Amino acid sequence: MSVLLCLSNRVPNKGMAQFQEMMRQQLESSMHTELEKLLNTVTGAEKEVSKADFEGFKNLFHRFLQVKGPSVEWVKIKRPPEDSIQPYDKIAARGLPDNVADSLNKLVVVKLNGGLGTSMGCKGPKSLISVRNENTFLDLTVQQIEHLNKTYNTDVPLVLMNSFNTDEDTKKILQKYTHHRVKIHTFNQSRYPRINKESLLPVATSLTMNGQNAEGWYPPGHGDIYASFYNSGLLNQLIAQGKEYIFVSNIDNLGATVDLNILHHLVSQPNGKRCEFVMEVTDKTRADVKGGTLIQYEGKLRLLEIAQVPKAHVDEFKSVSKFKIFNTNNLWISLAAIKRLQEQKAMDMEIIVNPKTLDGGQNVIQLETAVGAAIKCFDNALGINVPRSRFLPVKTTSDLLLVMSNLYSLEAGCLTMSPKREFPTTPHVKLGSSFTKVQEYLTRFESIPDMLELDHLTVSGDVTFGKNVSLKGTVIIIANHGDRIDIPAGSMLENKIVSGNLRILDH
């Protein structure tokens, strides 16, 4: 019987409970011994940083060993009270004050920048992928904040939470923004050891990142922001400068721009009723059924993720009629509240157990947390139901095609839907495996097609697009294995299915 299976055995037996407790203690003791050995493989500053990281990991591992069954009881889940999720229009209807600059000077923009571009076939940080007119995610972010600072004569800084995977490359590129009107700070999220699924001990043999050892480490999810931000000293530094709120979002969400109405709502609350945490949510569509949602649980607003849902209730969780909204991961959080909760050790987030298989075939688990899961720890937390336009993530080349197209116009780093599009919704685009990697995807389009009137696009197989192609309605293009389809320059496809082999040869 594996260690995990033994610990999760819920036989109501006093002897079994004592045995499980003894095993937990042994495992924890063995883990501490192994971590100490790892610490002794380095010296100086690196050892001190890792020591701080390991304190967080020990706490997570301890909690992981205590978990008995699901983290939520389904019968206790209630819909959030009406006033706990406000419609954006209601917030915006209050209008903006004359002194917008005062509000902006209390704000810090934080971007989660720990991810690599590997899923899109790119090396290095995802934030350095070009998404529009040679601008990267990071370029667009800097342009947005610089525009705010110039327009309102303010000093909104940008903070990047890097991981050990992205830190070095990101810092090199930051030099190009030296003369922009944005102060940029960085801090690193923790580095935690992956643990063997069977023994529950670290797979790494030293703290170095060489060879096979590099696979032994991972950044523990964006829930680590609170501890890492606090431990870096940057949190206290920003509070000392008079900053009050952070606006946190994923760097690949191009819809996550600073919203002055939400900011004004936060800073204009009376002191005793100050909202410490806002989660932007938006209406679910069939594409979002796996997204986390807000619930009322034991009197608190709480984020419910699909991983926490008992198997018997997964279909109910995915239902658009019962759980109507999902978390965009655009969050507004009080700096003073983060400081208080960190110092009180009161930050409580559910553990996400993420199983992985290493290149050599070894099964490991990563213990992670999600930034939005801390909502239950903050006072007067609030959900704001925002327009879908504030959720524009670029996770795949299908998403990239949308944001590169004439569906959007770009101004001061912000993408806005073209007024020429009759429907406010974005088309559903599904590109096949030949388009997965960015470099390959780019070679398949001589120019990005006109998509203003497109509803649905599916492309599969070896397909290329000539210049000035126009796609309207529903277009499905399928090249069978061994065949190739070249869509000729200037083609207009409206409600068409193209299949088989179509190759236009110049002669």
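Cβ atoms are placed via backbone N, Cα and C, with glycine included.
Per TrEMBL, the feature UTP binding site maps to K126, Q189, G221, D252, K395. Per TrEMBL, substrate binding site is recorded for H222.
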Inset, instruction - Among K126, Q189, D252, K395, these being the binding-site residues, pick the one whose CA is nearest to that of H222 (substrate binding site). - result: Q189
Inset, instruction - For the UTP site as recorded (K126, Q189, G221, D252, K395), determine the largest distance between any two Cα atoms, in Å, rounded to the nearest integer. - result: 21
Legend entry - the residue listed as 'substrate binding site': tally of other CB atoms within 10 A of its CB: 24
Inset, instruction - Across all the protein chains here, work out how many other Cβ atoms are within 10 Å of the Cβ of K126 (UTP binding site). - result: 24
Legend entry - Listed in sequence order, residues with CB under 8 A of D252 (UTP binding site) and six or more positions away: G115, K126, S127, F137, P393, V394, K395
